[in-house]
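Asks: Pasting a structure here, questions to come.
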């Protein structure tokens, strides 16, 4: 006979069936991330850092539950059900808390299961009209996309733009990408790459090269969330046009998959060029400085227009034929009238290796973009990816700690593929990166200050 569950019961003693029920409540919308960042060591420090969270996240690809693994790992510290319930209530997971200790849950708490709540919210999500048009020249943008009206703070700050985007049919995009040929471009196919929310293909429209992003639902992303990101990308692009932001040409919403069509970026992403993908020559230090400044200019334009990108990373910094930096991928961007204030979201999104501590707690603030850009600056200096499980330290941002502890210097990490880097400007860029990576968001510079520091670096 099972023993009754009390506040002093160890979490590690909970049976598998109960853990599975808890996971059913917490796994959706990545609720486990909220718990993970709230768990502390006895010293008060965070028990789980970005790397730990990335490891839990990877379990989704194998069909496993991050919540189950989190509770198993935390359970090894002899935490109790009382500790867990306190954490669940603090994060408003009332339904799973009531499974464990019903009397501990406030009587006024809404214990609607999270999956039900998601369904209710999704039914109310606006989505764009699905217009069909025949193929016309890209420059004749006859079909316009009108962002859905909303009274929410996020959409209030977005005025409807008269910018016109072409509405492609899905059939047309299949034709111009050779039926979305999955073979890489290097072997004669059309596939340029893939990311968290879809695959990008090279296409040709009226003798113009374009990039077609076909959105696809990932393991932890619902179809409705994907539609919402499609919608958001178009809204941001309608509002924000700048030399250092990618240019959206059109979209397709009438077929099996949602698609976005962009101006083609012949030099790919900063991530690819830093890794010299496909045998491309390494970027010079001079070129890297130019790219850093361009990316900062793009982020500044977004922030000036009250938008927070939320997924700044080297893979989302694209390079045109002149290696001009173009910020891309605005599906996660948020807008707010109260831009200077921090707002909260139950949906924690972004790329873990670039995420600021507060972003992992669900806070939305422009200072999180600054933190992510700090990681990008480290990539520019070192030529190393933001995360590598076969490297020590595995997270690139942790080299800051090694340098501060005087175990190493930034010279130890400079990309040896460069031959024109001078120590003064490298140290200046590292200083900017270090400021951007401050644990406390209010101690980080704003993007205007980052721009100024980068300009001073190249002028000196």
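We count from 1, first residue shown onward.
A Cβ is built for glycine as well, from the same backbone N, Cα and C atoms used for every other residue.
As annotated by Swiss-Prot, active site, proton acceptor applies to 311. If you look up Swiss-Prot, you'll see 192-200, 213, 313-316, 329 marked as ATP binding site. Swiss-Prot lists 20-104 with the feature domain 'Death'. If you look up Swiss-Prot, you'll see 186-454 marked as domain 'Protein kinase', on the strength of sequence analysis. Summarising the annotation, Swiss-Prot assigns N-acetylmethionine to 1. Sequence annotations record features per position, and here Swiss-Prot assigns N6-acetyllysine to 34 based on a large-scale study or a structure entry. Sequence annotations record features per position, and here Swiss-Prot assigns phosphothreonine to 342, 345 based on experimental evidence. Positions annotated as phosphoserine by Swiss-Prot, on the basis of experimental evidence: 346.
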Asks: Per DSSP, what is the helix/strand/coil residue tally across the domain 'Death' (20-104)?
Replies: 61 helix, 3 strand, 21 coil
Asks: Please tell me which one of the recorded positions listed here (192, 194, 311) sits closest to residue 34 (N6-acetyllysine), measuring Cα to Cα?
Replies: 311
Asks: Looking only at the domain 'Protein kinase' (186-454), report the model's average pLDDT.
Replies: 89
Asks: I need the CA-to-CA distance for residue 198 (ATP binding site) versus residue 311 (active site, proton acceptor), whole Å please.
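Replies: A Cα-Cα distance of 15 Å.
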Asks: Take the Cβ of the residue listed as 'N6-acetyllysine' and count every other Cβ within 10 Å, whichever protein chain it belongs to.
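Replies: Within a 10 Å radius of the Cβ of the residue listed as 'N6-acetyllysine' lie 22 other Cβ atoms.
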Asks: I'd like the Cβ neighbour count for residue 329 (ATP binding site), meaning other Cβ atoms within 10 Å of its Cβ, all protein chains included.
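Replies: Taking all protein chains shown, residue 329 (ATP binding site) has 24 Cβ neighbours within 10 Å.
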Asks: Using Cβ-Cβ distances, find the residues under 8 Å from residue 313 (ATP binding site) that belong to the same chain and are at least 6 apart in sequence, listing them in sequence order.
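Replies: Spatial neighbours, sequence-distant, of residue 313 (ATP binding site): 271, 351, 353, 354, 372, 375, 376, 386.
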Asks: If I take the Cα of residue 311 (active site, proton acceptor) as reference, which of the binding-site residues 192, 194, 200 has the closest Cα?
Replies: 194
Asks: Just name the most isolated of the recorded positions 192, 194, 198, 311, 315, going by other Cβ atoms within 10 Å of its Cβ.
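Replies: Fewest other Cβ atoms within 10 Å, among the recorded positions 192, 194, 198, 311, 315, is found for 194.
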Asks: How many neighbouring Cβ atoms, not counting its own, are there within 10 Å of the Cβ of residue 200 (ATP binding site)?
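Replies: Excluding its own Cβ, the number within 10 Å is 23.
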